[in-house]
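Below is one structure; the comments refer to it alone.
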């Protein structure tokens, strides 16, 4: 190890290793990025300006949209600029910062989705005490816990990853700095670091997932106790959008962070990353705006106020 030179910068592979597809993929991801930012900003603006949406559910949704904006802005702009300018180099510090921000935002979203599941469960299971329990102070506390937990979780993963020595090769088989492709580049045995990271991720992801599942078990049990079909549909429709977000988030994110780095495939990693880091933030605004009458009304009101 004494004759090896420490890596001070990495090279990102980009969206595609095929030069002919670079322009097409860049244009596609640019459009997706603009749509994602615009869609989530619209959700934030609609919730902020419509007094009827000043409820716990939409308070969490607004923060979820803010997280999605930051998350997609952490990865795509740099990758797009690097591809267009032909410069794929990213310094060690910049790579660590990008990893820290991305993991922090992803884990914060995980905690927010869990808080939203608890909110929906309480609204359906205990409607009489819902307002008293889900007070503004409670909502702010849950969001603060989500951000604080995300920062701690991200600090652990960043330290766990970059405490490994990197001495070449320095080409990251990805379009941003992520944990699995980085661990493959370590010039030391990363088994202990991989095990620690997988254990931490497993505990957080499975705990949040278990709490979300328990919330929906309680929701389903309560809904089936409602005698009228219309009442059942009305109760379940209040959480259908969130359920779609849960399935999308866990279905894409778990495939990337719940497998060992030794079995990591660059192609599989690219596909999984596109789903959990790009498509999920893009689809969340559509999920909540297309299946929610209150949100549709708020968006229509917002668009009528925008001068063209």
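Cβ coordinates come from backbone N, Cα and C, glycine included.
Remember, TrEMBL labels are computer predictions, not curated facts.
TrEMBL lists 39-288 with the feature domain 'G-protein coupled receptors family 1 profile'. Note on the domain 'G-protein coupled receptors family 1 profile' (39-288): its mean pLDDT in the predicted model is 86.
The transmembrane segment annotation in TrEMBL covers 27-47 (among others).
Feature annotation from TrEMBL assigns transmembrane segment to 59-79 (among others). Counting only same-chain residues 6+ beyond the ends of the transmembrane segment (59-79), those with a CB under 8 A from a CB of the stretch are 12, 14-15, 29, 32-33, 36-37, 40-41, 43-44, 47-48, 90, 98, 101-102, 105-106, 108-109, 112-113, 115-116, 119, 139, 142-143, 146, 175-176, 245, 277-278, 280-282, 284-285, 288.
The transmembrane segment annotation in TrEMBL covers 99-118 (among others). Below 8 angstroms of C-beta separation, residues 57, 60-61, 63-64, 67-68, 70-71, 74-75, 142-143, 145-147, 149-151, 153-155, 157-158, 161-162, 176-179, 182, 204-205, 208, 211-212, 215-216, 239, 242, 245-246, 249, 253, 276-277 of the same chain, each at least six residues beyond the ends of the transmembrane segment (99-118), sit close to that stretch.
With a threshold of 8 Å between CB atoms, the same-chain residues lying at least 6 positions outside the transmembrane segment (139-156) that come near it are 56, 59-60, 63, 100-101, 103-108, 110-112, 115, 118, 200, 204. Annotation source TrEMBL lists transmembrane segment at 139-156 (among others).
Outside the transmembrane segment (199-221) by six or more residues, the chain places 107, 110-111, 113-114, 117-118, 120-121, 124-125, 153, 156-157, 160, 235-236, 239, 243, 246, 250, 253-254, 257-258 with a CB less than 8 A from a CB of the stretch. Summarising the annotation, TrEMBL assigns transmembrane segment to 199-221 (among others).
Outside the transmembrane segment (233-251), and at least 6 residues removed from its termini, the chain residues within Cβ reach (under 8 Å) are 57, 64, 109-110, 113, 116-117, 120, 123-124, 205, 209, 212, 216, 219, 222-223, 226, 276, 279-280, 283-284, 287-288, 291-292. Taken from TrEMBL, the feature transmembrane segment covers 233-251 (among others).
According to TrEMBL, the feature transmembrane segment maps to 271-290 (among others).
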